[in-house]
Structures are given as C-alpha cells and as structure tokens.
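Colleague: Encoded as structure tokens, here's the structure I'll be asking about.
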Amino acid sequence: MTGADIAQSELGLSGDGLRVAVMDTGIDYTHPDLGGPGSFPTGRVVTGWDFVGDDFDAGHPDTLEPDPDADPMDCHGHGTHVSGIVGADGEVTGVAPDVELGAYKVFGCSGSTTADVMIAAMERALDDDMDVLNMSIGSAFSWPQYPTAKAADELVDEGMVVVSSIGNSGANGVYSASAPGLGADVIGVASYDNARITVNTFDANPGGEPVPYMPMSDAPEPPTEGTSPELTDVGRACVDSEDDELGSDPEGKVALIERGTCTFDEKYAAAMDAGAEGVVISNNVSGMFAGGGITDRGGFAVGIPDTGGAHLRELLDGAEPVTLTWSDEQTEVPNPNGGLISSFSSYGLSPDLDLKPDIGAPGGLIRSTYPMHRGEYATVSGTSMSSPHVAGGVALLLEAEPSLDASEVRDLLQNSADPAPWWGNPDLGLLDNVHRQGAGMLDVPGAVQATTTVTPGKLALGESEPGARRQKLRITNDGSEAVTYELEHVPALGTHGSTVEPSFNDAFAEVSFRRDTVTVPPGRSVNALLRITPPEDELENLQYGGYIEVVAADGQDGEETTRVPYAGYAGEYQSIEVMPPLEEVGEDGEVVEHDVPWLTRITECEVFIENECVEGGEFENQPDGATYSMETVDGLPDIPYMLVHFRHQVEKLEMVVRDADTGMPVYPVADKVVDLEHVERNATSTSYFTYPWDGTVSGMFGWSWPVPDGDYRIEVRALQALGDRWNDEHWETWTSPVITLDRG
C-alpha cells in the first residue's frame, strides 16, 4: 500500500545504519522477529530504559510513583506490536527491517502515563543519538502547546525526526487530534484500513454460514474447536450505573454486543459481570475491526464486521437457538474498506488551525509482532500502527538521502503522498477531508525517487478573511533536464456543523494561478504564485481544503505529480460556542439539554487523586447555592466542584473568586481558583470536566492564600480558541450561585 516492499526489493533499502526510538510499553527483545532470543541489549534492540516499572499507572493513586530500571521488557504488548511494524525481520517483515531499535518504556503493564515521564524519555532518546522517534501515544482534543508536543518540537530543533500518531477519536468529530502529533514540527499520522487481512471464522448455527472475526487484544483467546453456548443480543452494553440494564440476560451464554458509545472494555466487563461465557462485538460501521484494551475477566472477546452482526441478529429473530462453531483455520481476505481512512482516525484541524494530520499510513487491522508470552503475533488497529509505518518509511528515506533534515523529510513525504477518496462513498470520486488524511497515503518509493520538491509541504490558511488569500510555492527541479509543470487544483470534501458530530459538504475553495505552467531548469527553483478564495457558503464551522498539484508535463520526468495539501476555516473562528448546553440522553432516548457550568457537590467517586475524582464520579447540581464544610464527610470531600462542558478547545480558562456581596476579590493580589492556558475540549456532547475548589486562591508568583468563611461566587471565564484576550466578545462567562464556606 505504501510501496515499502518495493523500496526494499527494488531500491535495496532496509534502514541499515539508522536508529529508531520507540517510546511505548517497551519491547519484547526476545522475539525472534526482533533479534531474539537473548538478553537486553541485543543486536536489534540496542538501547533503551524502563522509566516507570511494570506496576506504574498514572491513573491510580496507589501506582503513581515510577520505579525505573534498566530492562525495558514489554509486559503489555503495544510497544512490541509497534516495533514490529517499524523493523521486524522474520515471519513479519517491518518497513525497515535492518534498523536498530531503542526501547523507551513509559507505560506499566496497564494504564496511563504522564507528560513528565514522556519528556524524560524524549531527552534520553536524544542523548542516545536516535535518528527517528516514534510515539504511538496521544492526549486527544489537545493543543500544539501541550507539553509533549512542545518537547517533541524541541527534539526536531536538535536534529531528530519525530513521528507520532494523530489519535483514535474520529468518532468524536473535528478538532479531535492528539498531542504530541499536534506539534508544529512533528509528523502527525492518520490511519487507513489495510487492504488485505488475515481472519479466523466461526460458523453461525443454524445454517452454518461462516462469519469472519478478529480476536480482541488483551482478552483470552477464543475457542479453536467445538460449539459455544447459546448466543444472546445484549445491545450496546454501555452500563454506567446500577439503573442501566443489558438488552438481555447473558448468564451462561455468549453475548452479542454492538460497537459504539462506550469502550470495548466497558462492554466486555458489563457482559462478563453478568455471567457471559464470552463476547462477540459487531461493528457499527462497514468492515472488520480489531479492538483491544480489554481487562481479562475470563471469557473470550472477538470483533466481527457489521454484516456478520446483521446475520447473527437475523438468526436470533428466528425460532431456533443460535450457536457458534469454532475452528483454528485462518484465511486472508480483501478488506472492502482497504485504502480508505479508518473510522477511528482523528480529525484536525489543530485548535490553532494548523493543518493536521500531516500524512497517513496503514493502521487498520495490522498484523505484527506481540510478546512471546501473549501469542507472538496479533492483529491490532489504531493510528498507533500507522505512525510506526511512517517512522520506518522515514528510516528508508534517510538511508537513501542521509543529508535531509526533519523539515525536508516531511516535505518530501507530503509531496509524494496519495490522497484517498471519501470513505462514505468512494464511488463519488471526491477526496476525503484534508483535515483527516493530511497529504494522503505514504508512498515510500515516491519520496525516495522524487526529483521535484514543492515547499512548503502544506498550506495552513487559518481563519478566512474577505477575498482571496495569496500564496507562494517554491518548485525545485532536482532532475538532469528542464521540466515544464502544469499547476492544477483538486478540491476535497469539507466538514461543517457540530464539532462532535460534523456533517460533510462540497463547499470548495476557488484556486487561481498567476501562470498555469512553470518551467524549471535542472538544479533550479522557481516560485509559483496562486490565490485561494475560501468558500462563501454560510455553513457554520466550515473547514475546507484540497490539493495543489504540480504535474510534470507529458513525457517529462515520468509524469510525476507532486502535491501540496491546503486547509482552512471559512468564517469567524470565534463564532464557535465554547460552553454550549450539556446534553443528556434520557431513558426514553430523547436528548435533554442542561445549561452549564454548574456549581456541584460530589456524591460518589471510586478513585480520587487528591481532590480530583478520576473514576466513577457523580455530581449533584446546586442551582440555589450551597454550604460546604471543606472537610471529608462520609469519605467524600465536602468542597465545591465546578462542572463545565467545553464543545471546543479553550485558549485560556479562568475561575476567580469574588465576595458574594461586593463582587470584589478577597485579596487584592489573589483571586484565582483556576488559571490555565490551552485547555482541551470534551470528547462528546454529554461529557464534562470538574474543577474542585479547596478554599484557597492564588495570585502572583503562584502563592496561595486560604479564604475565610463567608459567602462567595466563582466566575468562570473561557477565552475562545485564538481569541483576543482584550476583546470581551471573545470571552464566554458564567457566575455561580452563592458558595458558603462554613468550616465550623
């Protein structure tokens, strides 16, 4: 799909002499495809460090302290899978099978990590003279100013090429991309579905029709023989409270579950806790998928395509019980969605309207190496899989052209990439969104053999102003003969409407060129001038884009086509409401809107980190104000929590305390409860953030002062993305009911 095999077999490239750092869950360096067996370091996994230890999990108060050591063995699986895509050499062949790998372990066996840990690993990779860093890690809905993105940009300044996944939040709409992939100098990578996939099948009874399936990573393996108990349809199985119920009782049966709304692990847990023997999750969009993130609860979990789910539900509508007969046979089949953008791949633009993602590669349904104790090989999906494909491609390009710097590498990759048609209906002949696929699918031989370069490699047009935007592209001919190029414009679909549930449109920009053809002598560069006029459509939150094509005239330079993607925002960017009503789906399925922010009291929490509830929080609105003792009552902090919902990223967030009667600060130089820059948005229209107030305020130099007992209000102020902090119209504000502090 990317020509990596051609680069290896015909161009003689393998990544030899290049060093690729994999910051992840570690690497199983005993795997034969990764240079094993042996002890660390090996001839392939030549350096690395475990920054956290196996038990580390940043999401739980009992496992917050890292316990680093010198052995970056992977006890999870993700990092070994990623490393195989970069450079496996065995049953699986990676993109660059002769690179040396560095294992920088920043996760324990499960759970999350922190920006501080990641930055320490970045610095170590730089000290270890790694040429390329892959980070299949992301903080979604973020900003380019997120600490890991800024640190990654600094690595690029030091000479390293940094590649990172753009995220798996495609179901959550636009502006969903992740840091560090959002970094201005980082190559942020989108995912396309694999063209061919290896699948197992079970037979659905009655009838015996085979249904393809993919095992879910981290769950127990499904049976390889025999017939499982009766199947029952439990619906989506998103059970977030005791009042929610499954669609049927799965005790002693296999649960059929529809994908969507909540995580695979939550679905699996709901069914297994209700007594299911195993779980079959059907896709809610076209095609196969390979999910993961399962916490083992004893029963198998597999994913099946939407067509398989429809067939099973049709059988369940009949009179006979439905069972599944298993075998260990595997088959390779074409993927009907192969080459199209993956349903999970996140959208840009970045909140500061940079063009993200930069490029894409195969990430849907990728078979690669897995830890020896967990089956040796696995098929997994995610931009975590597309990012190492690009990192391996970078190694091949640097092997061919070792003098390239990071910006030149990205320009070449983008110039030679191939954009794909819209996933929703490829037959329409319209290209998918630039702010979802970037420049398009990686083309390794195209980048290596390119004799034409066009810079910049992408055009981020930002917020539109009336009239055309003037742009300049520099065309460089590195060939041995003069080339005449034709300049062309190919528009791509746009999006508009809700940030979390966007709609698609064909509101295209207009592009005109000062000259439609440009002749460039060998070894020379010529500027091409053009004007891009944003679409004049009145659609709200309109993101548009397309491609400028520089095409070598017939008979010259192999009719090479070089592309530059562009994207922008049509209209006034600050028209996007940051704090709209929070939505809730009622028991009858109707959507109920709640005006937020809220002043709340916490009523339930499973896991605290200090006063922040990180798991299982329930909050009760206090619309008429409330009195707080600022003590722990029945195991819960009796303090105010501000509940807010952000539908779009926030440039600056302030929460300030005022005397309820006078409206004045308690202290002349200190009034802040919250003072944050570049705050992420919520994932859905129903999710929210909570901010606790511990009864202190801060001000100059970060000093804090306790507030005496009394009556107060908190004013919440959110500056819209790219807003002018001196323009009141760019701030959204809300003032709380009266908050009474009574410490007794």
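Along the chain as shown, residues are numbered 1 onward.
Yeah, the Cβs are placed from backbone N, Cα and C, and that goes for glycine too.
Because the structure is a prediction, the values reported are computed rather than measured.
TrEMBL feature annotations, pasted as is:
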type	residues	note
ACT_SITE	ASP24	active site, charge relay system
ACT_SITE	HIS78	active site, charge relay system
ACT_SITE	SER384	active site, charge relay system
DOMAIN	15-440	domain 'Peptidase S8/S53'
DOMAIN	237-293	domain 'PA'
DOMAIN	469-566	domain 'C5a peptidase/Subtilisin-like protease SBT2-like Fn3-like'
Colleague: Any idea what the Cα distance is from SER384 (active site, charge relay system) over to HIS78 (active site, charge relay system), rounded to a whole Å?
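Modeller: Approximately 8 Å lies between the Cα of SER384 (active site, charge relay system) and that of HIS78 (active site, charge relay system).
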Colleague: According to DSSP, collapsed to three classes, what secondary structure does HIS78 (active site, charge relay system) have?
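Modeller: The three-state answer is helix.
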Colleague: Which three-state DSSP class does ASP24 (active site, charge relay system) fall into?
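Modeller: SS state of ASP24 (active site, charge relay system) = strand.
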Colleague: What does DSSP give as the helix, strand and coil breakdown of the domain 'C5a peptidase/Subtilisin-like protease SBT2-like Fn3-like' (469-566)?
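Modeller: Per DSSP, the residues of the domain 'C5a peptidase/Subtilisin-like protease SBT2-like Fn3-like' (469-566) fall into 3 helix, 61 strand, 34 coil.
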Colleague: Compute the C-alpha separation of ASP24 (active site, charge relay system) from HIS78 (active site, charge relay system), stating it in Å without decimals.
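Modeller: So the Cα of HIS78 (active site, charge relay system) lies 7 Å away from that of ASP24 (active site, charge relay system).
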Colleague: Could you give me three numbers for the domain 'PA' (237-293), the DSSP helix, strand and coil residue counts?
Modeller: 10 helix, 10 strand, 37 coil
Colleague: Return the count of C-beta atoms lying within 10 angstroms of the C-beta of HIS78 (active site, charge relay system), excluding that atom itself.
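Modeller: Cβ-Cβ neighbours of HIS78 (active site, charge relay system) within 10 Å number 26.
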Colleague: If you average the pLDDT over the domain 'Peptidase S8/S53' (15-440), what number do you get?
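Modeller: Its mean pLDDT is 95.
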Colleague: 10 Å Cβ neighbour count around SER384 (active site, charge relay system)?
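Modeller: Taking every protein chain into account, the count is 28.
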